[in-house]
C-alpha cells in the first residue's frame, strides 16, 4: 500500500514538473502560436465621401447595408421549430424559408445558393438588405447564417444626375463622372480589425481585439443645384421625347464664376443598374462632339467687332446668293436682296451676311479667333471623356476652299456642347472666359469645408465688344428675331439659335440637324448662361429656336426665379435690324447713302 | 542544576497564554497540524475536504468551459452546467447517505452490486443501448442516459473487497485468490466494456482488479505473468484500432502534420498544450478561456484540466494535483490505520479507481500519455461518472468512519446542526447534550 502511495506521489510530481514546463517555461512561444492560430483579420470598409449639391443635398451617398451569407455545412444541421417546439422544416429548406420570410427575397435562389455554393463553406444568400432586416433575421437564429457589412452607393437623383455624378462599378471602382474624377478624395482609408475567433468564426469576447479604424472619405460639394438639375433634366427629357429626337442636353452655368449649376442629358441611365454596358452610360453632354452651327456666328461677330471691322449698325447688303470657294452659299430661307444692319445679320442668322463680314478677317485671323474662344481645346472642366473637337487649320489638308466660309457659321468643324456654352459665358461675362467647373468645395473627414478658389479668367474680347454683341443678341428671342419662343417673361434675354447640319457617323454624311439655343439673362447683368441642344429632332420642327427655345425659356425662368433675380424694368432694348439704302450715311460726305457704304459682295474669287 | 533553584522573577510577569502548549485549538503550528494528521479522524476530513473542493471546482469549471458550446447547441450557456448541478446534487445526497451506511451493509451489497453491474453492462447491447462517439457504453432509460461502466467500477471495488477479504489465508494460491473476483466476474465485466470499445474504462477496471489483488497480498510472481498478458492485451487492442494507433504515435513520435485540422491526429494534443500555454503562470482569469470556443474538443469533459490551466494558471492545475495527492494520502491513512481487511481492500480499490483515472486523464492532457479518453473524476462533466465517483467518495467516508477511534471522535464532536440546536433551550436539546 505504501508502494502504491509512493508511486502516485512520484507520478504526480512528474506531472507537476511537466505542467511547470508547459505553463511556465515553454508557455510564451506556444501561446504565441496559439494566438496566431486563432487570429482573424477583417477589413473595415471606409465610408465613401458623399457627393452633394451646392446646398448640401445628397447626390451620391454611401449607406451601410448587409450582405447575408451562409456556411452550408452549418446550415445543414438547422431545424426550424414552431411555437410548440415541433420541428416543421430542416436543413437548407428551413433556412431558405426563414431568410425568405424575413428579407422578402425569393426562396428559390436562396435554396439554390445553399445547395450549390461557390465555396464549400461560403455562399451569398441575399446580396443587399438593410441593417434592420439583418437584425430581424439574426433574432431568428438560423444556424450558419451570418452577415457581412457592405456599403451601397445610392443616387437620390437617379437618372437626372447620373452622367454627371458618375457611378460605382464592379469591385467598388468608380466608372465615370465626379465619382471617377474625385475618387481619391472620396475614398477613405479602409481600417482593419484583428481578433481571436472560435471554431465557427465567432469572435471570442474575452480574446484579443485590435482595431485600426477606417478613415472616411472626403465629401465633395458640387456647384450643381439639385432642384435645377432635375428641372433641366425633366425639361430636356420631355423635349427629346416630343421632338422624336436622338438625344438632348441642357446646361446652366453661372456667368460670373463659370460654375455649372445644372448639366443634364437625356436619355440618361440608372446608376444603380449594374447590368448595362458602358455604351449606355455615357455622359453625352460632355462626350458628344458635333458641328455647332449658327451659335458659332457669335465668334465671327465678336472677332469682327473686336477687330474694328464692323459696328452694330454697319449696313450689310445680303445678296440672293453668294458664290465663294467654288460653291454658292445661300441662307436657310430664300430671299431677295436684303438690307440688314450687322445686328440684323446676326439676329436673322444670315449665313451670307456673316460671310461678307467674316471674310474681312482673313483665314488665319478667323482661325486664331476660333481657337481663342476655346474651340479645338478641351474646356478643362476635368470630367472624363471630353473631346477637344476638331478645328481645321489653314494650310493643312483639312482646309478646303470653302472651309473658311463654313467655319464662319459653325459648319465644317466640330466641338463640344460646353465649348459653345463657354463662348456665350465669355460674352455674358464682359469678354472674360472662365473655365467651367463642377466643384464648389470639399469637406474633409473632420467636417471642415474648403471652398474651391474661383478660376482666374482669360480675357477674350473687350467689354465694349461684349456689350455690342449682347445688344445684338437681345434681338433674337424677341418678336422678329429667330427665336421668339426663347423669350423669358419679365426678363431681357440675349441668345442665339442654331440649326446645324448634323454629321451622322453611322451614315457617313450629313443627315438631320442639331437644333440648339444658347443664351444668357438678364441681359444687362447676366446671371446664368443656359444652353440647350437637341440632336436630330424628327418631329415638330427642325429650327433651333422652335425646338430648343422653349426649353431654354423654361429652364432660364426657373433658374432666375429660384435665385430671386429681379425682373427687368421697361421694354427690352431694340436696335435697328434693317436700314434704308437710300438714307444718307452718317459721318460721310453729302450724297453718300447707307447703300453706298454697305458691306456687299464685291466678287471675291 | 543551579538554574532550577534560581529564582525566575520574570516568570510571573510572563503571560500564561504564551506558555500554553501549541495544541490549543485556536492556534496553528507544524506540530499541531502533524498531531491532527495522526488523529483517527484526519482521513475522514481529508477525504471530505479534497473530494468536496474537487467537486465544487468541477462545477465552476464545467460552467465556464461548457458555456460557448452550450450556447451554440441550446441557446443557453447554462444548459450543461445546470444538468451537472443536478447530477452533483444527486451524487452528494448519495455520498452522504453512503457515508452513514455501516460498512457491513456495504459488504452485503457486494454480490447484488456486481450482478446489477453485469446486467446493466450487458443491457448496453440490447435495444436500450446507445452509441456515442464510437463507444457503445450507454443505456437510455426513460429519457435518462446512463453509463453502466462507471457504476461497474464501484461494484467491482465493493465486490472485490468483499470477496478478497475472506481469502486472506489462501491468497497465495492463485485459484482461490482469483475466483470468483477475476474469474468470471471481473473478466466478464471488462470483456463487456471492451466490447463497447471503451478502452479507457476497461483499463481502469483492470487496474482496479490488479491493484486490489496486489493489496490483498497475491504473490508478486503472478503479477509478472499477468502483467505480460495485460500489456499484450492492451497492445493488441491498440493495434486493432487505427484511431488508437494514431494517438499513440502522436504521443510517442511528436508527429504533427496539421495541428489546426480538426481530424488531424494531434489536434487535441496541440490545443490542450495551447490552452495550458495561454494560461501560463497565473491564468487568463476565470471565464476567459479562448480554447473553449470550439477549438479544444471536450473542454468541459476529458480536457477540463486544460481549461483549468488556461483560466486559473499554474495554481489551478497544481491545486488539482494537490487535491488528488491529499485524497491518495487519506486513502493510505485509512488502510494503514485499519485492521479490517474489507476496509483496507475497499479503500485501496477506490483509491486505485479515482487516482488511476485521474492520472490517466491528467497524463493525457499534458501530453505525457497517449490520449486515452477518460474523464477527470469528480471534476469533468458527465452525470454517471460524477454520481458514481461521489458514491465512491461516500464509501470512502464510511470506511474512514470505521477506522478505530474515528467514530468515537466524530460523535464526540457535535455536528453543526446539533451545535446550532444546542443553543435553543428545549428539553430535547438539553437531553441530547447530557447524553454523553
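Backbone N, Cα and C atoms are what each Cβ position is placed from, and that goes for glycine too.
If you look up TrEMBL, you'll see B:1-19 marked as compositional bias 'Low complexity'.
Per TrEMBL, region 'Disordered' is recorded for B:1-26.
Here the transmembrane segment (B:44-66) has long-range neighbours at 77-81, 84-85, 88, 91-92, 95, 286-287, 289, 292, 299-300, 304, 307-308, 311, 319-320, 323-324, 326-327, 329-331, 333, 376-381, 386, 390, 393, 396-397, 400-401, 403, 406, 410, meaning same-chain residues at least 6 beyond its ends whose C-beta is under 8 angstroms from one of its own. The transmembrane segment annotation in TrEMBL covers B:44-66 (among others).
The annotation transmembrane segment is assigned in TrEMBL to B:78-97 (among others). If you look at the transmembrane segment (B:78-97), the same-chain residues 6 or more away from its ends with a CB under 8 A from one of its CBs are 51, 55, 58-59, 62-63, 66-67, 69-70, 300, 381-383, 386-387, 389-391, 393-394, 397.
Among the features that TrEMBL reports, transmembrane segment is placed at B:109-130 (among others).
Non-local neighbours of the transmembrane segment (B:150-167) in the same chain are 106-107, 109-111, 113-114, 116-118, 120-121, 176-177, 180-181, 185-186, 189, 193, 201, 204-205, 208-209, 212-213, 216, 340-342, 345-346, 349-350, 353, 384-385, 387-389, 391-392, 395; each lies 6+ residues outside the stretch with a CB under 8 Å from one of its CB atoms. Here TrEMBL flags B:150-167 (among others) as transmembrane segment.
Look at TrEMBL and you will find B:174-193 (among others) tagged as transmembrane segment.
Residues annotated as transmembrane segment in TrEMBL: B:199-216 (among others).
The transmembrane segment annotation in TrEMBL covers B:223-242 (among others).
Within the chain, the transmembrane segment (B:303-330) has long-range Cβ neighbours (under 8 A, six or more residues past its boundaries) at 42-43, 46-47, 49-51, 53-54, 57-58, 61-62, 64-65, 268, 271-272, 275-276, 278-292, 296-297, 351, 354-355, 358, 361-362, 365-366, 375-376, 379-381, 396, 400. Sequence annotations record features per position, and here TrEMBL assigns transmembrane segment to B:303-330 (among others).
Look at TrEMBL and you will find B:342-372 (among others) tagged as transmembrane segment.
What TrEMBL records for B:378-400 (among others) is transmembrane segment. Residues 43-44, 47-48, 51, 54-55, 57-58, 61-62, 66, 80, 83-84, 86-88, 90-92, 94-103, 106, 145-148, 150-151, 153-154, 157-158, 300-302, 304-305, 308, 320, 330-331, 334, 338, 343, 346-347, 350, 353-354, 361, 406 of the same chain lie 6+ residues outside the transmembrane segment (B:378-400) yet bring a C-beta within less than 8 angstroms of a C-beta in it.
Most Cβ pairs under 8 A with the transmembrane segment (B:342-372) among the ranges B:109-130, B:174-193, B:199-216, B:223-242 are made by B:199-216. Tertiary neighbourhood of the transmembrane segment (B:199-216): same-chain residues 137, 149-150, 152-153, 156-157, 160-161, 164, 167-168, 171, 177-178, 181-182, 186, 189-190, 193, 222-223, 226-227, 230, 234, 237-238, 244, 335, 341, 344-345, 348-349, 352-353, 356-357, 360, 372-374, selected by CB-CB distance under 8 Å and a gap of 6+ residues from either end. A Cβ distance under 8 Å defines the sequence-distant neighbours of the transmembrane segment (B:174-193), meaning residues of its chain 6+ beyond its ends; these are 114, 117-118, 121-122, 124-125, 137, 149, 152, 156, 159-160, 163-164, 167, 201-202, 205-206, 209, 212-213, 216, 218, 222.
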